[in-house]
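> Once you've had a glance at the structure underneath, I'll fire off some questions.
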Amino acid sequence: MSFLSKNGAGILACLLISILSWYLGGFFPVIGAPVFAIFIGMLLHPFLSSYKQLDAGLTFSSKKLLQYAVVLLGFGLNISQVFAVGQSSLPVILSTISIALIIAYLFQRFFALDTKLATLVGVGSSICGGSAIAATAPVIHAKEKEVAQAISVIFFFNVLAALIFPTLGTWLHLSNEGFALFAGTAVNDTSSVTAAASAWDSLYQSNTLESATIVKLTRTLAIIPITLFLSYWQSRQQENKQSLQLKKVFPLFILYFILASLLTTLLTSLGVSSSFFTPLKQLSKFLIVMAMSAIGLKTNLVAMVKSSGKSILLGAICWIAIILTTLGMQTLIGIF
């Protein structure tokens, strides 16, 4: 059986949902195309779940396309530029990532939340939302319903942050520089960071958007050490005392992601325009939307809602902790 005859129907279903979601995401950037894709997929699940000819293509899209998307994501990271501009925000970023991951670990231990779901919520809250979840899910072998649940939790607090942060920043008397650092650190998805910073700029005729985006990109770099650590930890759990294979410890798609980041950094240092990589970054985003479509189509919405209480609570605790840690660290380093 050829690849297309086996996977074509499922991939086509994901493609159609993704095109619609991409269009809707352009109109409602606070929500974003990946969230539209996952929810449209879940709404269609009751009607399409009986069509078994879709299964192979959905599995390919939710796993392989997601890995390809993560590799292409590397072409959006110029490591030297991010470090040069974003280094002043590193103490805040490292503090918030650490506190969120510690909370996620303790929560799953004391409240019996599934470890993989807690991990996804933790990395999604602390690093960069859907992109971090997309990179982490294949590494820890998370199930589709766990990915869908984590994305849904992150989405809720993303929208909430984009709506209330400009008002909160005004109430706290944040400077323009302070709000850029606050939004770039305490909001976990690029679209929501953009929405919050743009709203602030509209209120105060400032230019915080670029700074907030660079802080966000600096956070994105944490995907590399976090996924490598989780991959090693997962391999240790599976292999126990058996010898570990390099491919199992460090999945190839993560290594390719790192190589893509290094290649981008090298080429831009040699004079290649960053716009050269724009098509690859856009393709990465679209493949993530396709993967989310597949995950949505494989997820029972009713069952997910019934089991979401603990994950929403974890998301809320992580979100509040990140806000408080960000503001506390900003006060300490004098960027308020």
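A Cβ is built for glycine as well, from the same backbone N, Cα and C atoms used for every other residue.
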> Quick check on the annotations: Swiss-Prot lists transmembrane segment for one of 3-25, 118-140. Which range is it?
118-140
> Which stretch does Swiss-Prot mark as transmembrane segment, out of 188-210, 211-233?
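Result: 211-233 is the stretch Swiss-Prot calls transmembrane segment.
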> Using a threshold of three or more Cβ pairs below 8 Å, and leaving out pairs closer than 6 in sequence, do the transmembrane segment (312-334) and the transmembrane segment (153-175) count as in contact?
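They do touch: at least three Cβ pairs between the two stretches lie under 8 Å.
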> When only pairs 6 or more apart in sequence are counted, do the transmembrane segment (249-271) and the transmembrane segment (312-334) reach 3 or more Cβ pairs under 8 Å?
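In this chain the transmembrane segment (249-271) does not contact the transmembrane segment (312-334) - fewer than 3 Cβ pairs sit under 8 Å.
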> Who are the long-range neighbours of the transmembrane segment (286-305) in its own chain, taking Cβ under 8 Å and residues 6 or more past its ends?
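Sequence-distant neighbours of the transmembrane segment (286-305): 10-11, 13-15, 17-18, 21-22, 25, 33-35, 37-45, 48-49, 54, 57-63, 65-66, 68-69, 72, 130-131, 134, 144-145, 147-149, 151-152.
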> Counting Cβ pairs closer than 8 Å, which of 65-84, 91-113, 211-233 has the most of them with the transmembrane segment (312-334)?
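Comparing 65-84, 91-113, 211-233 against the transmembrane segment (312-334), the winner is 91-113.
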> Excluding the flanking five residues on each side, which residues at least 6 beyond the ends of the transmembrane segment (91-113) place their CB within less than 8 Å of a CB in that stretch?
119, 121-123, 125-127, 181, 185-186, 215, 218-219, 222, 226, 310-311, 313-314, 317-318, 321-322, 325-326, 329-330, 332-333, 335
